[in-house]
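Trainee: Structure incoming, see below.
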Amino acid sequence: PQSSQSPSIFIDKDGEVRYVVGAAGGRFIIPAITQVVSSMLWLGDDVYTAIDKARFTHTLIPFTLRYEKEFNEPITRVLDILGQKTSFFDTLPCIGRVEVIKQHQNGTIQGYSDKRKFVT
């Protein structure tokens with residue numbers, strides 16, 4: 001079977017581990033991890049917010065951007081206008097389920113689990 005395992009460790013400027021991130025979901029792993037990490041590191045979202053945000057994924061066959069129905073509607077409208085084929089999905093497993101371990105500045109370690117993991 002095809003695997004997209006992408007366990008990732010993020011360290012700060014002092015070399016301290018801050019985040020350990022992984023996901024389940026086969027071909028949906030890489031886009032899920034990328035969106036969660038981007039949300040945390042570039043947009044400044046806390047871990048809960050980053051994991052809970054609606055996500056999208058792209059399938060090459062058929063060439064369609066699929067997104068959770070809570071995804072940002074103005075973005076999907078623009079993509080439609082630009083000719084990108086889009087569709088929403090509301091059943092799993094159509095998106096990666098992300099898990100994050102965070103080491104806080106005070107040294108405590110906390111785990112975060114994607115709510116999508118518990119939906120069947």
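In case you wondered, yes, glycine gets a Cβ from its N, Cα and C as well.
Sharing the record's features from TrEMBL:
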type    : residues          : note
BINDING : SER3, SER4, GLY26 : L-glutamate binding site
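Context for these features, please: burial, neighbours, distances.
Mentor: Within 10 Å of the C-beta atom of SER4 (L-glutamate binding site) sit 15 other C-beta atoms, taking all shown protein chains into account.
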Trainee: Give the three-state DSSP assignment (helix, strand or coil) for SER4 (L-glutamate binding site).
Mentor: coil
